[in-house]
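Trainee: One structure, as structure tokens, below. Some questions next.
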């Protein structure tokens, strides 16, 4: 579309063209007031994309302010490309998680691939080398052909991008529930390492300094991607394929190396990824954060399509692009550096003092807008919140234990539920050993990556049981953070901080906004108690299809520090004769459990409860015992309860089983999902020291029989299961469903 055809300011107002771009009548009036005139077409586009929920968090900011974001190790909290946490020895870990849900629903391969590419850029734009990727995925039930297609393509897209770029995908989670059928969730997390002096910010300081565009050229892909991410999916969403970007991992690999070399140069002033809202957000945010303005000449933007308008160039979300500010007079060095990698680096503007974002094209001024108005002055909405109607009903239910006839058959059925079953089909497609720093590969409680040149490691995980959060958002929010920390501790790490990805339905519905508020309350409380501040994250709203919202899914990405790699602990049994301990009491808690869903086909009632002080005490005891060398294996008890946790520890070992005695009512003892529990094995000679250090109950021992046998307190056998048969069922479940 050429400039001739763009509607003029009067038409934009009278024909309400701004509404098609996502601005409300009130918002358009605010823009008019800020500018003191009617905006032109390009300016309307700038505001519509920067004031979208995706870029401005206008509906979620009041809630996000509840998160604790500071701590003695936090070097950078929310507000930059990614958060940064000190890990000692002048080193720091940089990490962030983001969603790419809407694009993945309509173009799953590219949607997932570019989600990975975008989160990697957020990390290296801080000056860090990306060392690991994780992902948290949600799909409908695998019986559906459409879900199979989405699942296969999303995994292929993640693998395709991560493997080509040479960053290991080391962990994550995949869960399946009917509510995600029309709206899958694809959350990608990247972890990087940095030395303190290399930390860079996305800020445009120094009037007269040069603004440069580096990386891939700009096309028409992804225009209004941020706006598309801020509305519900519908039948017409298929037509929005152009709003899905296309990724090139080989280009990004070169971009990483070039940018990491650039960061060592004193010519660099600021650097930011062109992510959501492309050139608009990177320029407006860099100027606003520095209290400056930016002037840009759009004729100089490298374009891969002809006749692009200023509107299209500013709103394109083409991938693999960065905006940088360099010291005046040093431009040629930058051009030479990028040329070495076969990449473009083009001067396209300068930093100004007047705090305006000013755009020129073909000799004319095409936009003049205050940078702060775009980046900081979006309206903030305090949405009405109303307790969901189902909540009181679920809370009032008397908890019933599901009826189980045959414990062994039930255990086998649980091991084959896709949410519990082995995800080997997924992670076998990922290169998780590239860079050769992966110490604990996918499949244990958390992945561990070596910090090169030290004896330290980084433990990392993503967690969120959205069924619990649906039943009780506040309790479920606490559990999500606690389970992530439990996974880090079981791997020998000290939990440091979290990044979050808040996936919810339409915030304009009061019951959805209530879910958001309550789950953030629960997460915030858990973060404070467990001392894991939130250092950044992402909000993804409008995850609905035909009015049906997904379960509230605030995914937690957590990183922990393994002080010495000899503390690294995994979930599988190590040797026959070791003693098996259970930490934590089991109650008949089945609300939102795998057993409840399997037997009743739906979830209802109260979610499991959690006491965060008890959780903290147990985590500290377990971590200290691991660091003291008293623990052989550690596994958190999660979906499927104790029977599944013990079976998983046996399945991961070779030729080992266990004989265990569990007290209490059999179904609860085996399958309840009470929180703050661990299965730990200990060498016989460490029995006394371990029991002194940790409040735990010895329930049995590891055997060389290749069988798991569980007795009740009367010593009657509840079940005996062959480990090879369990492994076959557990590993075969997902491939079998995909056939």
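Here the Cβ of each residue, glycine as well, is placed from N, Cα and C on the backbone.
Pasting the feature list from Swiss-Prot:
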- 54: active site (ACT_SITE)
- 100: active site, proton acceptor (ACT_SITE)
- 57, 96, 500, 537: ATP binding site (BINDING)
- 98, 538: Mg(2+) 1 binding site (BINDING)
- 99, 100, 101, 102, 121, 245, 317, 318, 319, 540: substrate binding site (BINDING)
- 122, 273: Mg(2+) 2 binding site (BINDING)
Trainee: What is the number of other Cβ atoms found within 10 Å of the Cβ of residue 538 (Mg(2+) 1 binding site)?
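Mentor: That number is 24.
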Trainee: Tell me the Cα distance separating residue 500 (ATP binding site) from residue 122 (Mg(2+) 2 binding site), rounded to the nearest angstrom.
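Mentor: Just about 15 Å between their Cα atoms.
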Trainee: Could you measure between residue 319 (substrate binding site) and residue 57 (ATP binding site) for me? Cα positions, answer in whole angstrom.
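Mentor: Approximately 22 Å lies between the Cα of residue 319 (substrate binding site) and that of residue 57 (ATP binding site).
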Trainee: I need the nearest neighbour of residue 273 (Mg(2+) 2 binding site) among the binding-site residues 96, 99, 317, 500, using C-alpha distances.
Mentor: 317
Trainee: Rounded to a whole number, how many Å is the Cα of residue 57 (ATP binding site) away from the Cα of residue 98 (Mg(2+) 1 binding site)?
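Mentor: So the alpha carbons of residue 57 (ATP binding site) and residue 98 (Mg(2+) 1 binding site) sit roughly 14 Å from each other.
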Trainee: Check the Cα distances from the residue listed as 'active site' to each of the binding-site residues 96, 500, 538 and keep only the ones within 10 Å.
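Mentor: Qualifying among 96, 500, 538: 538.
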Trainee: Distance check, please: Cα of residue 99 (substrate binding site) against Cα of residue 538 (Mg(2+) 1 binding site), rounded to an integer number of angstrom.
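Mentor: Computed Cα spacing between residue 99 (substrate binding site) and residue 538 (Mg(2+) 1 binding site) is 7 Å.
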Trainee: Residues other than 57, 96, 500, 537 within 8 Å, Cβ to Cβ centroid, of the ATP site?
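Mentor: Checked against the 8 Å cutoff, the neighbours are 64, 78, 97, 98, 499, 501, 502, 534, 536, 538, 539.
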Trainee: Give the residue from the binding-site residues 98, 122, 317 that has the most other Cβ atoms within 10 Å of its Cβ, counting over every protein chain displayed.
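Mentor: That would be 317, with the highest Cβ count within 10 Å.
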Trainee: Between residue 317 (substrate binding site) and residue 100 (active site, proton acceptor), what C-alpha distance do you get in Å?
Mentor: 13
Trainee: Which three-state DSSP class does residue 500 (ATP binding site) fall into?
Mentor: strand
Trainee: Which residues, sitting 6 or more apart from residue 96 (ATP binding site) on the same chain, put a CB under 8 Å from its CB?
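Mentor: Those within reach of residue 96 (ATP binding site), by Cβ under 8 Å and sequence separation of 6 or more, are 81, 82, 83, 119, 122, 123, 189, 190, 499, 536, 537, 538, 557.
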Trainee: I want to check the contact list for residue 100 (active site, proton acceptor): same chain, sequence separation of six or more, C-beta distance under 8 angstroms. What comes out?
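Mentor: Counting only residues 6 or more apart in sequence, the Cβ neighbours of residue 100 (active site, proton acceptor) under 8 Å are 111, 112, 114, 115, 118, 186, 187, 188.
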Trainee: How big is the ATP site in terms of the longest C-alpha to C-alpha distance among 57, 96, 500, 537, in angstrom?
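Mentor: Output for ATP binders 57, 96, 500, 537: max Cα distance 17 Å.
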